[in-house]
Amino acid sequence: MASSLAAQLSQIAAKSTNQLDLKAQRLSHSQSLIFDRKVAGTQDFDTVYQICFEGFQELCQLDARFNSFERTIFSEQSKTEDRTQLSAAQNKELDVVLEAFLALVGGRLLLSPAVKAVDWLIRRFRVHEYNTEFTILTFLPYYTTPLFLNLLSILPEDLTPTFKILIPYKKGLLNPPRHPLVHSATTNRAFLAAVNNYVLTVSRQQAHHHALLAFWAGIITEAVAGMLDSSRSGRREVEKQKHEDIILRILPILNDGFALKNVSELVIGCYMVSVVLAQKSSLQDKLLDGLMEAVAGSWTEETLESGLVCLAVLAQQKPETRLPRRALKAILRLDDIVKRLTDISSQYQTSNLLLGVVAGCVDDLTKHKDTARLELLPRVFQTQLLGELETSKAMAMVLHAASNAHRDGTMSLDTQACLADLVQEFNQSEFLQPIFQKTIAESTFDTAAIEHNLQTVIVTAPAPRAVEDVVMGDAEKVVEQDGFSSTLEALVGEKLFKSSFLSAQSIPVFDRLVQAFALAASSEEKTQVFSDLAVLGKSEVSKSPQYLSFFIRVFSGPYPIGTRAMALNIVATFLTSTSNLDLDFQAILPFLLVALADPSERIRREAAAALAAIGGIYKKHKKGENVWGRDTIYGQEKQSKSVQWLPTRDAQKVFERAVLPSLEECIFDPGHISKVLETTLRGASVDPNASELKKPLRLSFFTFLCSHAIQLPLFTPKLGLLGLLNRIDKAGGTTRTKELEPLLKAWRGLSEQEVSDICEKQRVPVSEVESQMVTIVTPKEKDALTLLLSNVSPYSESLRSTFVAAIFARVKDIWARVSEDRQVLAAEQLFDIALGLSDSALVNNCRNLLRSVELPGSVLIEFLEKIPVSLTDMEAVGPAPKRRRTSQSNMIAMTVKDEAEFGKVMEKMTFILELVDSSSPETHPELADGLFQTLAALHHFKSQIQSGMSYLLSLTLGSLLAIVNRSKESAKAQFDTSVIRADLVVDCVRTTESPQVQNAALLLVSGLSVIAPELVLHSVMPIFTFMGSSVLRKDDEYSVSVIDQTIDQVVPALIQSLRNQKRDVVSGTSELLLSFTAAFEHIPSHRRLRLFHALITKLGTQDFLFAVLAMLANRYAMDKDVLVLMTGLVSDASAPVELTVRRVHFYCGDSFLTKLQTYYKYLDLVTDSLKAKPSISQVLLGIGSDDGREPQKVAVDLLRDLAYLFKHSSLKVKMAKAFASEDEEVIGQIRALFSRILEQVLTIGDSVQSMKLVGQANSDVLGALFGTLTLVDFLDTIEVLLQRPSDELRRKVLRLLEGRLRQNPERDGASQIRVLDFLPTLVDIVRSSPDILLKHAAVACIDRIAEKYGKKDPSRVVSAAQVVASEACIGQEDDRIRIMGVLCLASMADVLGQAMIPALPEALSRSLALLEVSLEKGKENSRLHDATFSLFSALFVHIPYMISGPILDQILLLSFKSANAEDCEDDGRQEALRMMARKVDMAATLGAVDRNWQYAVQAGPAAAKETLEVVSLAIEKHPKSATGKNIGVLTSILFKVFDLRREQLALGSKATFEMADIEEIEESVNDVTIKMIYKLNDSTFRPIFTKLQDWAIAGLPKKDTQGSLARLTTFYKFLQVFFGTLQSIVTGYASYIIESVVSILGKASPSDKNTKSLWLATMRLLRSAFEHDQDEFWQSPSHLTQISKPLISQLAHATNSSTAALVIAEAVPTITELAIAADSTDNHKDLNTLLMRFLRPSSGPTGNRVAGGENPHTRLAALKAEQSLTEQLGEEWLALLPEMLPYISELMEDEDENVEREVRKWVKQIENVLGEKLDDMLT
């Protein structure tokens, strides 16, 4: 039993928030995000609030949404909120506000103000304990930061299971990695749910931020993927069930997320989760559709791309391609959906989504109102986003829709036209046609129905293959009749064709024959019948070529493989069967060789059989010379006769040695025959065992083939034969070019139309024929380039553009394979064409060719030599010498006479320089001479025509730069450096405005300074002048690299040159330095430090840093950007800015010494500038020059900048490091240098005493210099300086000390001791010095020391306080020392507390005297006034018990006088009075007020108000017991204040208070009285109340009517506040005043100005009393009867519009509240009876007409009362309606319009309440 009870008690104790558990409270209070536990534990809530509120205010400036929290959790009241004292409901309301703030601040937690603000929630509201989950989730996105670690450290130990993952990291104080968080989200449902709910809550509040949503999206995506992976199971049903559970948990999150469209990152996160669900689980089609619709419905412009990706992924998971309707509509509404899908298709599969779009577009074609959807389809197919299979599916969808359209209705014409165009696109597109044909072939579509529905024709075979068209076109007819028979019948009657079928390109009978042959090709019987046709002349085959030429043309032509193979088969069969004929069939050889190169193996096999047959014939007939088709093969014309035939024996050798041995390989390799011909004609046999063909035979064979290629009219076999021959450059002593040149010339002569017709008929590409024709020219031909160019030059308009393009392509192709001398000739020819015929079509081709081939150096040199010549020729066309004018530079200002000629010259130069630039000039160093000559010519020409010529200069300089940069890589220059013209390059920098030219020239100068410095440096200085005005302004990366390179390479060489000449380097480079400093303002800000840093490094820090600093200071003075740069230059410890003067062992000594030396040289420069004859400053700063500044102004600027550097550079840190080292040598050197610098500053100060501005600037330097010292060193230095006789110096150093102490002085023990040791020195100055200003400075220092260090040893400060309070300080006549002394005493009081008592008597007496002096009329001193009150405030706070009553009386009297003074500020006085009220004993304070109230009234309203505020604050801040003890004096004060109205009215015109002032004071005293009442009990207060009542009602003689009315008015105003504030608690007090109220109601009137205020107070008092009655006080008949009649009788006062308005506004609401309080039917009836008397005339309370209802204003007021009662009481009041109806009827006919209008309103009001009309009741 005991153990159980103990366990329960321990649990209760664990959860207890008992206020007496001080240890737990301290622990809780010390938990903070930003303070250490020890620090936090010592802070009170005022301090914490002040710190945190500052952060909150900064947040409000960032986001106005934070402002609303200023009235709640960041209000002043929040400092006293204690959650342990709040009820559960109040805590719940508080939670809502706190969590709203946390949600909003979450996005800014990495900002310091946000952390401060949140710390208030932790310190005051303990959100980490009461709102743990929300707090953790707010910080969780920052789990890797130290901030999250701080939170972990203050979280409760008993974290819920939701956050169990954080427990080990909390214990170890480690940041959690990402993996455990993901694992927790995967396995811990509560954690994932909490994160999801938090994210949705924050997003709904529009408080989302990137950190949160990025964190959430990553966590939930990985968690869902992990859950799905871990739920996989071997049993499908189990896995399915687990997946469904996961999906059911996730879908609500997605649903809520998709609903928040405006939170784009949240929506994208939902897309990611959707993708994971789709890819890792088998979602049902219905669920996928739902997800897709949700995705499509959620996207905005920001999330559209991600939404489409998600939709594409989801679509890929669907088994069907159809998209849900809503998703489809959303997609089709997008702009340019195809482009959007194209953009994402490179990373994601979009095929299913596109198929879904296609399906949606062709769905319900008959219902389409427009063609918008169908117009999308062509773009879908044209973009080729779909693969071949998907494209086929999409085509099938279109065809299916078109074929079934007639079943669902009728398509519109627009729809029909769109679909027809789309199908034609399928037919005609190169990409789509094969897929379409395959789709048609593999499907069962009703083609006829599609054609009928679309009114178009579907071509089901490729258009170029006419024979297949015949076969396909007649496919259906074959079944019905024999198409071959009908075709054959038309040919049977044809006679033998007159010539060979190879004689012409177009033979009509051939076209008919080939169609018939195609029909017969599948049957041997039909083929035999066809072969026997007379038109073919089979029987005459040995004499005429018709039979074989027909089949040769077929197998060589563009026909189907089957048809061609059958033709070859017939030829082979014929040759085999007629082997006995003594014929030489070499004429067929070229065609069969081409067939051996055919891509089809079947063709190659049949061709091999035919060749074998011919070979068999040759074996049998070796000596015959009867060549078949010798003169007829290509017709009877010269074409046949021009063929170079082989002797039969030679032909037999060719077959036996070259063709027949390789037939087997040729069958399997289409490229083998070309290799065979190539090796054969070159003299190498393919078969090792076969003997080679001899050279004459090779020549004969080659010319035989070439002649056939030339004479053959048909281009299909001609092109094939050329393809074989163009692989052979030479054969048997001749070249391909020589043999086939006639063919090239003939081809050149054809017109474009002829070529087009030929290629169209022969079905060969024009480009391929052109290419093969020009390939005839071989690079091994000596004049190959000349020959090619001769075909296009001279240019003829008849030349085809395709031929010209092919010629130039061939030239480009063989250029590298011809000799350099031929290249030179060709280049010259091309150059002449390129620049000679500006209107020729060859120009661009020539130019492009020259740009694209590799030109040899000799060509480039020759081209460059043309530029000076061209410019010289150009000058020759200038004006006559007599009309020339010379410019200032004695150059001819030439005007160009012929603009066209000038344009040609410019074009020529541009082209040449572009060629050089693109020809890798670095590989041609020999071009340097020509380029410099070109540069000279350009520069000369530029100066004459006043043109920049920037592009040409840029090209020239760029080429030179490339050559120079390559030369820099080698030990010796690769070109003759004597050709260098550095002056021209520098002139380019100086005179051009083009950034490109400037940069190139600068880089060139940099490069030249490396390889030939002696030729460059004498010209280099203008570069820096120019850089300062131009290049340094650039901000692009290239310009920056140019500047860097120029500085790196030119400056060191320049410095070395100056040193070699033994010249002063600083003076010698002054122009350079001036250029850079002048350019400062134009240099991009982020480049400045780096640029100047590099410059100083290259120049040498030791010699140049001071000069650069001085020149910057001289030019820009205190410009902020310049100061930042200067600080950076001297503070960068890691940079070479701080190079050593001489090596020292200590790590920071060398850099520090350099810095001090820089400052020393800088001060030397200042001194030099002030000399009568300046030296170095004249060179660097322009002192003494004509355009130089005044020396004093220069010195001021230099000194001010130096002071800034001392304050803001790293000098102080380096000084401390140096003195902390153990290297005495370093310390000694630094001390010596510092002393020299200090001596310099002091010397300058002594020398410039007559120069005020320079002296001030020097003082600033001195102060800043002292600022670099530690406080101890500083004081040591000051003690020495105080021994100097100069009071000005002594004042200066003390002011510096005060400034140092005012900032953040050192707090270490040594510093504190040293400062306190210095205090006597200051005290001695105050006591003995006659210099008031020096005293003032000393007192200021004492003030700082007391404030900062006084608590360390208060006893040492007391003596200083006594001196300050003495005659030596605040007893002086000078106001400055008085003010400073009083302020110092105030600070000492704050520090010393009761230790201040020894100095107190003198301090108080003198300060009161000083206050009185400061208030003397005409001698007001507001500063002295405020200082004195600040002293009183400090005394009240720290030693209030030492302030006696008389002193308080004096302070109050003087404060009254101050309040009435116009020139005195109020803040200090009011603060002192507040401190008196808070801290001084309440009895003493109230006693002083009571004694001096009359003086406050005499002083005026302001003094009276402030005095009342003292009383109010004293009651508020002191405990209840103090109020009870002092009730007597408090009552006395209140009675005096309550009597103020009477007193002022009694004075009449002599009154000092306006009525507004009186009312304001009465409001204040009412508030004070209420505060007093709160601290009293009823037994204490009730006697006071009765006393107050008696005082108000009977306290004056009866004859003093005005006084009685004044007191009653004040009393009733108090009662209004009394009943209104304390409400039902004091309702019973009304019994005391009923009789008085009734009396007042009988005699006060709103129309009487004397009683109006009293009447108003009475009405409002009664209203407050009635309103808060909860004890049925006014239901009592005795109370009700007593008050009702006098109150309702007040309606009679409404006799005119003004009084009626007042009665309606005041009396009517009071009557209404009385009726509500009466709350019974009987009481209501009595009230109504009284009220209705005023609805009729002659019913006034006095019986006369004026007082009754006779006056319409009275009736109107009564009606308003009835309306108000009806509105407030409703049906309860309308129970009296029967009594009212007669009155209503009469009033509806009242003679007064206003009365009649209001009664009708009342009737409507009644009807609305009752829900029925009153018409029947009123009739």
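Just so you know, glycine gets a Cβ as well, placed from its N, Cα and C.
As the structure is a computational prediction, the values presented were derived from the model and not from experiment.
For reference, Swiss-Prot has these:
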REPEAT    583-620  repeat 'HEAT 1'
TRANSMEM  945-965  transmembrane segment
TRANSMEM  1001-1021  transmembrane segment
REPEAT    1045-1082  repeat 'HEAT 2'
REPEAT    1269-1306  repeat 'HEAT 3'
REPEAT    1313-1351  repeat 'HEAT 4'
REPEAT    1775-1812  repeat 'HEAT 5'
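Confidence in the repeat 'HEAT 3' (1269-1306), given as mean pLDDT, stands at 80. Among residues of the same chain six or more beyond the repeat 'HEAT 4' (1313-1351), those with a C-beta under 8 A of the stretch's C-beta atoms are 1271-1272, 1275, 1278-1279, 1282, 1287, 1290-1291, 1294-1295, 1297-1298, 1301-1302, 1305, 1357, 1359-1361, 1363-1364, 1368-1369, 1372, 1374, 1376-1377, 1380-1381, 1383-1384, 1387-1388, 1390-1392. DSSP states for the repeat 'HEAT 3' (1269-1306), grouped as helix (H, G, I), strand (E, B) and coil, give 27 helix, 0 strand, 11 coil. Counting residue by residue with DSSP, the repeat 'HEAT 1' (583-620) contains 31 helix, 1 strand, 6 coil. Residues in the repeat 'HEAT 4' (1313-1351) partition by DSSP class (helix H, G, I; strand E, B; coil) as 36 helix, 0 strand, 3 coil.
Helix, strand and coil counts from DSSP across the repeat 'HEAT 5' (1775-1812) read 29 helix, 0 strand, 9 coil.
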